[in-house]
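**Q** This is the structure I have questions about; it appears just below.
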Amino acid sequence: MSQGGGLNILSIQSSVAYGHVGNSAAVFPLQRLGIEVWAVNTVHFSNHTGYGEWRGPVLAAGDVSEVLRGIGERGVLGSCGAVLSGYMGDVSLGEVILGAVGRVRGANPQALFCCDPVMGDEGRGFFVRPGIPRFMRERAVPAADVVTPNQFELEYLAGVEVRTLGGALAAAEKVLGLGPGTVLVTSLRRRDAGEEGRIEMLAATREGAWLVGTPLLPLEVNGAGDATAALFLGHLLLGRGLEEALSLTASSVYAVLEKTLRRGAREIQLVAAQESLVAPPVRFPVRRVA
């Protein structure tokens, strides 16, 4: 995976003052990896919406566009190695993000676009506005180099149910057929895993697929997927191979979640577990599955 023109990532996501989701979950892990982050916030909430109550503004697509325009006017887009996107409030914001990706690629053709296609999850279904799922499948994912769906999002993008490893591989192949070069399934639970109490990540390219599993912790938190996408992209930008990036990402995220569980915290403990972002204490092995 090419490093592009520099260790700088343009991250266009939501932001919260309290807790860790969106940019508030992505920026710090990337910085701990030694990567500069140009964070452009799409909302600025008091806390994430999982609490049921929150305050703060949603930025209009035009305001986000102005911030991105200002960054471009600094003449630095040629040193941007990647663009990272997450939750998109509406289709107009999605168009702004794709416009920014186009300008970055115009300045640095080797820049990566990592799209975390946030749409929903198992049990909750879709939680985004109408039009976003279709925009993700027809516009954002085809434009991306890397996509990081959870299992629910993988099923939607591929148009198939995923219950086995073979099903997951077939679904990942369908998503690769939409355009991206790498698919990271951030949370895979399958009937044929052979062991209860585990959760897996699956990384697939046109050359093969790799799987890593970790213990499934009794924990319900927000932001782990945002941190996962950021770490995986960061390791790729640093020039690490897919297998190493997968192992490091899964191992770091597990360490963060384990720390969160031990502390009985509602928010992922990125700061308390920050050494694990760089050097996870336990490295989970990766095996090739295709």
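Cβ coordinates are placed from backbone N, Cα and C, and glycine is handled just like the others.
Quick paste of what Swiss-Prot says about this protein:
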BINDING   S14, D226  substrate binding site
BINDING   D116, E153  ATP binding site
**Q** C-alpha of D116 (ATP binding site) to C-alpha of D226 (substrate binding site): distance in Å?
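**A** Cα of D116 (ATP binding site) to Cα of D226 (substrate binding site) measures 8 Å after rounding.
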**Q** Sort out the sequence-distant neighbours of S14 (substrate binding site) for me: same chain, 6+ apart, CB within less than 8 Å of its CB, listed by position.
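**A** The answer is V21, G22, N23, S24, N41, T42, V43, F45, G86, Y87, G89.
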**Q** Taking only same-chain residues 6+ apart in sequence, whose CB is under 8 Å from that of E153 (ATP binding site), what do you get?
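**A** Within the chain, E153 (ATP binding site) has Cβ neighbours under 8 Å at P117, V118, M119, G120, D121, M136.
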**Q** Using DSSP, would you call S14 (substrate binding site) helix, strand or coil?
**A** strand
